2 protein chains.
Amino acid sequence: MSPAIAATNGLPVSRNEEGPSRFLLPSDYGDFQTNRLNHTPPLPSILKNPFQVVDGPPTTAAGNPNEIANLFPNLYGQPSVSLVPGQSEVKGQSLKVGVVFSGGQAPGGHNVITGIFDYLQERARGSTLYGFKGGPAGIMSCKYVKLTADLIYPYRNQGGFHMICSSRDKIETPEQLKQAEETVKKLDLDGLVIIGGDDSNTNACLLAEYFRSKNMKTQVIGCPKTIDGDLKCKDVPISFGFDTACKIYSEMIGNVMVDARSTGKYYHFIRLMGRAASHITLECALQTHPNIAIIGEEVAAKKLTMKNVTNYIADIICKRMELGFNYGVMILPEGLIDFIPEVKQLIAELNEILAHDVVDEAGMWKRKLRSHSHDLFEFLPQSIQEQLLLERDPHGNVQVVAKIETEKMLIQMVEAELDQRKQKGAYKGQFQGKPHFFGYEGRCGFPTNFDANYCNALGYATGTLLHSGKTGLISSVGNLTAPVDEWTVGGTALTSLMDVERRHGKFKPVIKKALVDLEGAPMLKFASLRDDWALKNRYLSSGPIQFLGPYANDINYTLMLELGAQFHF
Amino acid sequence: MSPAIAATNGLPVSRNEEGPSRFLLPSDYGDFQTNRLNHTPPLPSILKNPFQVVDGPPTTAAGNPNEIANLFPNLYGQPSVSLVPGQSEVKGQSLKVGVVFSGGQAPGGHNVITGIFDYLQERARGSTLYGFKGGPAGIMSCKYVKLTADLIYPYRNQGGFHMICSSRDKIETPEQLKQAEETVKKLDLDGLVIIGGDDSNTNACLLAEYFRSKNMKTQVIGCPKTIDGDLKCKDVPISFGFDTACKIYSEMIGNVMVDARSTGKYYHFIRLMGRAASHITLECALQTHPNIAIIGEEVAAKKLTMKNVTNYIADIICKRMELGFNYGVMILPEGLIDFIPEVKQLIAELNEILAHDVVDEAGMWKRKLRSHSHDLFEFLPQSIQEQLLLERDPHGNVQVVAKIETEKMLIQMVEAELDQRKQKGAYKGQFQGKPHFFGYEGRCGFPTNFDANYCNALGYATGTLLHSGKTGLISSVGNLTAPVDEWTVGGTALTSLMDVERRHGKFKPVIKKALVDLEGAPMLKFASLRDDWALKNRYLSSGPIQFLGPYANDINYTLMLELGAQFHF
């Protein structure tokens, strides 16, 4: 706790820039940060030795291949590639490459950039790496910085995206594509690397197609990023950041479990990040064994109502009371209510009504709700009713997922249900709910060794793909349950991950979000254990992430189970 | 992540008991927990070799020595003791000892118990250790368990108090003292160890006096516990749990800082545990360098108003906007509003009014508020007004500190202030506040190596004090900035820490809470740096607590600064 390099000891420190876009220096750091700076992630052996990039067979699409072929005439069908040992045909020429972060932060992002940088330094001497600042908007407005060894050094193995920051803009319209074209031409880019989630990689594919259609030399490669874990497929077994975020949340959940057990009088309702998919909740359940974990995909598949979910929780609380437990821990995904069909319906009706009507105090407006929606609205706690009516986005729509504190809503609904049961003599306990939201704390932690190594390999792999002239691929590193040395490296045709959705009468290409597979190994494992966890207390504390010692290189259960790894559980 | 000992693999596992008071088994654990089980905390060398317990000079009291002498006629003036190398006069006879947790959890508590147990095993063969279940109530109702090597093993170096749990009861009235007397007589106890905070150690002293006054053999020794860090004095430099809790919170704050910097558009308002004192907030500030940290003791000393605090924050946000920063991180103690004199006054008036009047919709009741309180009430955000009126404890009193989400209140007040400034053209930014409360996550984490070692030494020391016939002492381990080997060990006379407070016309003994000393080294260090932190971003990320590696044995800044340790900062 005594920073070797003093950050604020009053000595004059050379600073490259003051203000928001100042790059950090090692002198800004405490001991631990400095220690992580000097960690060198190991490379897969395929990347340490001479290799060749080998094409696989032609590819198709994840769905609607004809439409995808129409949308991507220059890319559709191109092979995915893999690296195999052998003498490279790449001549070692230098490259000009741009890189950008797109979307929310995920631990490890900086290592993708340093991985690309290291590849260029080691295998393509004389290359230049540009970082576009502030996300895709930085490409369109040509805001960039030339990344040097000194500039990027303080970001090695650190969390966050603050080296060049990020945003949620898209490059989609003809004007935006044109702006991107001007930027890559101005910088004479051979390659552009887009680090992002499903939307951003769809965008990467559109850009690759656009550049190819214009006979431009700029290749585009994507990298799979998202803590939510919903960008994955056979060749891309996991998105980076998921491992770290789940371990941070699990540490906190484990601590709360110990507290619950010690105190013996609270039910903790913990909402976790994860909007469209419940992978984080599922993984944290496997790591910590909560009494209740709600998986949104299952709620949707079973068409559960709010009342069903409330009763499910209340039933377990009543049974636990009989066993003498007046406490417990429950986890749920941020996007839960978006999975409940009746809530979606209610919100659609509210958006429609509130766009045209005034909410009168007497509640006359409610008559416009359909019968079931009306009942549901009345069933909701008053504070949630108010949130539904008052908190609206700039388009006037209810800001459901982002704003509603689902954990508080459930506590109130469970409380009301248990009060009713108490009156009937069916429940004798004193229910006290404690709400938690674990979100920002997990998005920007130091990447685990796994994420640090994985991102480094993804970045380095991106370099090999660009160097061998590939475009429209997503960097893919596999065999992840084996030691890093044995990891496989390649690139997957982005078009092979594509399907289409019809929006406003037009086909739009999408990489479908990988939701929790209710028949997948992680869900089956969870389903086989949850009844035991509900009534017994099988809480596990995984503790804070360790970077040294016997468990420092463990990987998450979801990945192990999905890859069929053998292990004790 | 692959538990060596399968917790839920379906194999029949012998369980000693089902239900809430079941003891854990190693087979309940995951890898990391098991790994910590097998960690052996090092002992100070004084405890590894032959030692003598040496009396110091007679003691007095922290204040009002005459009243303390009257209240503790049998104990007042007794010396504190220290261990020095030498041949023990203790004859190695066996002891019967009871131990109890009192109050909220703090990481390391289990190691105090295992430390006592290990002492008895190694130095007083044939001894018996009883754990009273569910806190001091367990003493009064004689609910206990005989602690054996097997039973306690799974709690070594683990967080929480769930081995025997805890409660907030006190043993004060003649009936309660009598019940305690019956229990210790029934179990034929030579010693009773009370692990708790300032109130609990006051209680320990009362019990010691009571037993002594009855010529009973039962000695009472206290142990300094509280994450809040407000039980400390010269001889007891720190309470256990503070180190771990601050490091857990600092990890989370550091992560949020990285997120703030990466996203560039949110002000995070983070409330931290710590009701009566702001030590946690101060330590976390020293560890992480937030833009703003509010120290309650300073707010009270300067008699600041809500408006002052709001303006202080808004001023910094405006200045940061001019520098191009539209984001920031602020930390505040849970007990903040209790430090604001005008809020205390308002609450006192509300309690008085609401005890007799009905809150009429027209607001006529408000006329009974004094002018300043009325203005303050109107200044508060509506949601806080509602909380003040609605959320009341069983005695009808406003549940201020426990219930009011101060971080949300401040966000709303700062928002309103910035809106006003915007209208005057004095602020041009878009303020978005994100509220956080970091509480339960920190109380029950795995103890840091420091807390694990410190608690083990405290427990072992407690054994030495009991064995040498001492009573009315608090276990004290010192020289904590040196390696464990060089730590000093002794016991401090509890009466020497006592003062009196007048309550309901009677003198009541108290160990005064150690508040943040505004002239102390930690506060002066913070005060000298905070203006720099406010406008520049000097954020530090301390990362997750490590148990191996170069920083695994670091201790908190507060302790280092208070003990005058030399180090870079």
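Including glycine, each Cβ sits where the backbone N, Cα and C put it.
Taken from TrEMBL, the feature active site, proton acceptor applies to B:D228. Sequence-distant neighbours of B:D228 (active site, proton acceptor) (same chain, 6+ apart, CB under 8 A from its CB) are B:G197, B:S239, B:F242, B:M273, B:G274, B:R275, B:A276, B:A277, B:H279, B:I280.
Marked as diphosphate binding site by TrEMBL: B:G104. Reduced to three states, the DSSP call for B:G104 (diphosphate binding site) is coil.
Neighbour count (other Cβ atoms within 10 Å of the Cβ, all protein chains): 24 for B:D198 (Mg(2+) binding site). If you look up TrEMBL, you'll see B:D198 marked as Mg(2+) binding site.
Under DSSP, B:G274 (substrate binding site) is assigned to coil, being neither helix nor strand in the three-state scheme. If you look up TrEMBL, you'll see B:T226, B:I227, B:D228, B:K265, B:Y266, B:M273, B:G274, B:R275, B:E334, B:Y440, B:E441, B:G442, B:R443 marked as substrate binding site.
Summarising the annotation, TrEMBL assigns domain 'Phosphofructokinase' to B:96-347.
According to TrEMBL, the site 'Important for catalytic activity and substrate specificity' annotation covers B:D199. In the three-state DSSP classification, B:D199 (site 'Important for catalytic activity and substrate specificity') falls within a helix. Non-local neighbourhood of B:D199 (site 'Important for catalytic activity and substrate specificity'): B:S102, B:G103, B:K170, B:V510, B:I511, each in the same chain, at least six residues away, with C-beta under 8 Å from its C-beta.
In the three-state DSSP scheme, B:K225 (site 'Important for catalytic activity') is classed as strand. Residue environment of B:K225 (site 'Important for catalytic activity') contains 32 other Cβ atoms, counted within 10 Å of its Cβ in all protein chains. The site 'Important for catalytic activity' annotation in TrEMBL covers B:K225.
Taking B:G104, B:Y266, B:E441 as the binding-site residues under consideration, the smallest Cα distance to B:K225 (site 'Important for catalytic activity') is found for B:G104. Contact with chain A, taken as any Cβ pair under 8 Å, is found for the recorded positions B:E441, B:R443 out of B:D198, B:D199, B:T226, B:E441, B:R443. For the binding site of substrate, formed by B:T226, B:I227, B:D228, B:K265, B:Y266, B:M273, B:G274, B:R275, B:E334, B:Y440, B:E441, B:G442, B:R443 according to the record, the largest Cα to Cα distance is 36 Å, rounded to a whole number. Across all of the domain 'Phosphofructokinase' (B:96-347), the predicted model scores a mean pLDDT of 96.
A straight line from the CA of B:E441 (substrate binding site) to the CA of B:D198 (Mg(2+) binding site) spans 23 Å. In sequence order, B:G104, B:Q105, B:A106, B:P107, B:I227, B:G241, B:A245, B:M273 are the residues near B:R443 (substrate binding site), counting only same-chain partners six or more apart with C-beta under 8 A. A coil conformation is recorded for B:E334 (substrate binding site) in the three-state DSSP classification, outside any helix or strand. Nearest Cα neighbour of B:D198 (Mg(2+) binding site) among the listed binding-site residues (B:T226, B:Y266, B:E334): B:T226. Cβ neighbour count for B:E334 (substrate binding site): 25 (other Cβ atoms within 10 Å of its Cβ, all protein chains included).
In this structure, of the binding-site residues B:G104, B:G274, the smallest number of CB atoms within 10 A of the CB marks B:G104. Taking a C-beta cut-off of under 8 Å and a sequence gap of six or more, B:Y266 (substrate binding site) has these contacts in its own chain: B:D259, B:A260, B:Y327, B:Q432, B:G433, B:K434.
Listed in sequence order, the residues of the same chain lying 6 or more apart from B:T226 (substrate binding site) and placing their CB within less than 8 Å of its CB are B:G103, B:G104, B:A106, B:G196, B:G197, B:D198, B:S239, B:G241, B:F242.
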